[in-house]
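Asker: Okay, here's the structure, questions in a sec.
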Amino acid sequence: MAKIIAFDEEARRGLERGMNQLADAVKVTLGPKGRNVVLEKKWGAPTITNDGVSIAKEIELEDPYEKIGAELVKEVAKKTDDVAGDGTTTATVLAQALVKEGLRNVAAGANPMALKRGIEKAVEAVSAALLEQAKDVETKEQIASTASISAADTQIGELIAEAMDKVGKEGVITVEESQTFGLELELTEGMRFDKGYISAYFATDMERMEASLDDPYILIANSKIGNVKDLLPLLEKVMQSGKPLLIIAEDVEGEALSTLVVNKIRGTFKSVAVKAPGFGDRRKAMLGDIAILTGGEVISEEVGLKLENATLDLLGSARKVVITKDETTIVDGAGSADQVQGRVNQIRAEIENSDSDYDREKLQERLAKLAGGVAVIKAGAATEVELKERKHRIEDAVRNAKAAVEEGIVAGGGVALLQASQVFEKLELTGDEATGANAVKLALEAPLKQIAVNGGLEGGVVVEKVRNLTVGHGLNAATGEYVDMIAEGIIDPAKVTRSALQNAASIAALFLTTEAVIADKPEKAAPAGAPGGMPGGDMDF
């Protein structure tokens, strides 16, 4: 396919036009008085959102250069969302301000590479200042505040704070759609995985259709169990102990399954068979997690253990296991705390080294099952459009709260960025590097300016007023008053603010150092075909 090429100022201005169109659509959502944006969907109802990354993803421009510019800024929003779960609009506003100021200097003859170095040094200094300012999250109320700001709803913030309080910072908090109005929080103690009993005959409570085993032995096998002869020696030993048995295996079928069911119905022996969770290598890993949690071993021929030779000391145990048709919950496994902690550290290391978002998510789930617990927030709404929007807001707020726990909190509302610009007095830069640093200094005003504008105030006046206030004091855009931001609960996670600035600077540096843009040549639309039918249809003969 033919390409078109633009150079120098033409190339950079084309990219800037695309960036401005995207940023202008996104920045109207910033702050407590930010507006919503309606996104048309080809199928179904339109989506209404104030989430920066969702809006950015929808924007596709026609002009090839503008399209590339918009795609670069999308990357800022997406990267910030991936790392911190929030701050996408702030990142977009910062990128727009940095690029605008940087391109003005490039057009005036500044060296783009020196500007880039100046921007990088300035951002490094501001990031360090933000982390220095950050206060550790010590109370449930602080978590509720940061989540409430992200979700623009105090009820959601309080529910997330309660969920984090129960499952810990390593715990998993998932959001599900509910058939009822309002919000519900469902907590799971212990480890839960999404496989239930193989046969309904295993249920001990027929009304609730669930099986409950108290102080059971737990057999964990990485293979199918079909031959009852393999299982009999172990069954006899377990029966002599008088305890129930939970079997977790790839599958239990044939004679082995029917023997277990018959003994359960007759009341001779209480047991439940459950399929192992996951597939392939993930299944092996999850069985290993269950073994460590319950103090057992995975019986697998890979490690030289055969089912027919298994002894009671290879079995795990727990205080209680509850099994429904869809899921199994192991409460209070008998594994050693040191071994569980070792496994947790191993999974953490795997998360850090993983390149795949999907793998990271699955590892995070495994970590939560071992280290914390699982909390499910069920969200309901009057319409499907509102439900989708609400669910998305809650998911963002959960990640925001976790980011706050990780690196602490700073004053929100664009105040931390503006007041961090004091570090520029200590930066000893000269020439175009100093010009690059100055571009960052000006860009740090942009989020606060935009929040003020969205609140119907004069941006420049607000910036000057906040610049002269005590550190940590700023504008509460919801009321128009100047307050102590942290005391009022107007806070942002330091990780969100830092990531937004670093990602914006990274893309801005690419814009400034671009000297040529190569894009696909737009194809001309084919001429419309002639209408069908015989010629001369209107003529009289």
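Cβ atoms are placed via backbone N, Cα and C, with glycine included.
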Asker: Check Swiss-Prot for me: it has Thr29, Leu30, Gly31, Pro32, Asp86, Gly87, Thr88, Thr89, Thr90, Asn476, Ala477, Ala478, Asp492 binding ATP, so pick out which one of Gly413, Gly431, Gly436 it puts in that same site.
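Answerer: My reading of Swiss-Prot gives Gly413 as the candidate in that site.
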Asker: Out of Thr90, Asn476, which has the highest number of nearby Cβ atoms, where nearby means within 10 Å of its Cβ, if these are the binding-site residues?
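Answerer: Output for this query is Thr90.
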Asker: For the binding-site residues Thr29, Thr88, work out the Cβ neighbour count at 10 Å and name the residue with the minimum.
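Answerer: Looking at the binding-site residues Thr29, Thr88, the Cβ with the fewest others within 10 Å is that of Thr29.
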Asker: Relative to the Cβ of Gly31 (ATP binding site), which residues of the same chain, six or more apart in sequence, are found under 8 Å away?
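Answerer: Listed in sequence order: Gly413, Gln450, Ile451, Ala452, Asn454, Gly455, Ala477.
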Asker: Count the Cβ atoms, other than its own, that fall within 10 Å of the Cβ of Ala478 (ATP binding site), considering every protein chain shown.
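Answerer: Total other Cβ atoms inside 10 Å, all chains included: 13.
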Asker: So if I draw a 10 Å sphere around the Cβ of Asp86 (ATP binding site), how many other Cβ atoms end up inside it?
Answerer: 32
